[in-house]
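Accompanying notes for the structure given below.
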Amino acid sequence: MRRLRSLYLQSSICFRRFNHYSAKDTEALQRRLEQIPIENYRNFSIVAHVDHGKSTLSDRLLEFTGVIKAGDSNRQVLDKLEVERERGITIKAQTCTMFYYDKRRNKDYLLHLVDTPGHVDFRAEVSRSYASCGGALLLVDASQGVQAQTVANFYLAYSMNLKLIPVINKIDLDSANIPQAEAQIESTFELPRAEIIRVSAKTGINVKEDLLPAIIDRIPPPTGVGKKPFRALLVDSWYDSYLGVVLLVNIVDGVVKKGDRVVSAQTGKKYEIKELGIMYPDKVSMGCLRTGQVGYIVPGMKESKDAKIGDTIMHVGKESVTEVLDGFEDPKPMVFVGAFPADGTEFKSLDEDITRLVLNDRSVSLQRESSNALGQGWRLGFLGSLHASVFKDRLEKEYGSKLIITQPTVPYVIKFTNGEEKIITNPDDFPDLSLRKTRIDSLQEPYVEAIITLPQEYLGAVIKLCENNRGIQKEITYLNVTGQVLLKYEMPLAHLVDDFFGKLKSVSRGYGSLDYEDIGYKASDIVKLELVLNGKSVDALAQVMHRSQVERVGRKWAKKFKEYVKSQLYEVVIQARANNKVIARETIKARRKDVLAKLHASDVSRRKKLLVKQKEGKKQMKSVGNIQINQEAYQAFLRR
């Protein structure tokens, strides 16, 4: 029954927004596509901070190029995941082909738009998307100005030699401050004010008149050669319950047709193309894909793990004359959680669901693990805490699966006295005190450089927040007359994933923005904090943290967990322990059973005998018995 529900959820998501094209419509699209030369191709992306209007601008571009019709039903067209629509953020980069007739030149153009995420946790999606583009729209909210992730994504696009078109969005808002936004773009990115385009993605102001012509004029066409042997860069992949593994590819050189035999450069496995086509905005089957185009192919791939992002796909027999493309650097997971099925009997089906979802999000690392408290599960690695939260939501929405997720932890490095190093991602693997004293030279934790932008009036509160999270100030910049401040702090990643972004939004009244990048490991005084029930450690609840946090967190843990443990027939002692030292203790008194209820009030000796027997029985139960903790208690505590 659960498997049927899972398939229903997947199919409903897949077909909810599918555009059905007749054979006549498809033929017309293919004829138009064939008549456009590669010099009239424009592949571009949109660079922006979260909530600056990327998805809305994408909708207007699709609308003005005839891909979709205007209307409320066509909102966030490229945000195809249910979790994207609920949260109002882009998570997966999506591509769409558009046709645009330029009346100035009387020429037809083929545009490939890649709508990318803005949040730092999905930077790997952004990086892969830029590899298929010749340019990008640098989008800035007229009311908020340049934000932290605008800066980070700008430098990423700039480093990949993309032609950037500065665009100020939301000019129709009463709170819009266009001169301030222009000044920030000019001073922060050194882009000429004359090149800035002002638009309203919501109303469509200047999108058709100014922005589309600028894309044609300023963004260069792809540089591939149609007569060279076919090679394509594998940009993304996903699992379709009807087609199997689907690959999103950028055709760098040559032509590929339905029925062609292709080979993977990384695995050496050969496949026959069952179907291929363009995204318009959903899959539209075509006869072939040419140089410079971005589209999908269905290779009949049997194993999900064979779809390796950054792989080069080429024709069978042409391996010796086809140069392999530079792939992508594998994203490095920096936040790890333990994941366990809410219902232990569904481990096998949940394992299949997680494996399929990982195919669509290759930045997730996956490893089996088991817990004494929660049973069989997985150790999952993510790019950030939002990434982990989104993965859990997608699993629930797309597959109907329920997970228990432990508190996030970051990778720590152990340096031994003999020169060896070990990275641990599970608190259960943290060395005990005796090993630390004899064989360990140092313990290190990951640090990041956090870039924070905020209005000057909240500067004091934000500096205090950073210092309370062991931040070290490296730079403070006042952005001219705009009233904005840019802060740079070195900070332990462990503090950043502990809802630092939520705390920043709170102290800055929602105006602060955050971006960060990894800067390596530093020696640190870190210890493992355990929750102990009647002398037995609960492995799923252990966490590694800095010594300065231990007492505060330990007291909070013990007090909080007491709320979720039901009273037993014997006394339950809850302790928070670090380095074999008890930090905090809470006691749940034994549930009393009235063994005297049936006795006569005058039978004193019998009463004493039964009470002594009850006391001895409870003592024995405490020494040999296991405390019964239900799954709901763990879930409630982990949601704290």
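Along the chain as shown, the residues are counted starting at 1.
Note that Cβ sites are derived from N, Cα and C of the backbone, with glycine treated the same way.
Taken from Swiss-Prot, the feature GTP binding site applies to 48-55, 115-119, 169-172. In the shown protein chains, 16 other C-beta atoms lie within 10 A of the C-beta of D51 (GTP binding site).
Per Swiss-Prot, the feature domain 'tr-type G' maps to 39-223.
Sequence annotations record features per position, and here Swiss-Prot assigns transit peptide to 1-26 based on sequence analysis.
Mean pLDDT, taken over the domain 'tr-type G' (39-223), works out to 81 on the 0 to 100 scale. Around the Cβ of I171 (GTP binding site), the same chain contributes A142, I178, R198, V199, S200, I205, N206, each under 8 angstroms and 6 or more positions distant in sequence. Within 10 Å of the C-beta atom of K54 (GTP binding site) sit 26 other C-beta atoms, taking all shown protein chains into account.
Its own atom aside, the Cβ of A48 (GTP binding site) has 28 Cβ atoms within 10 angstroms in the protein chains shown.
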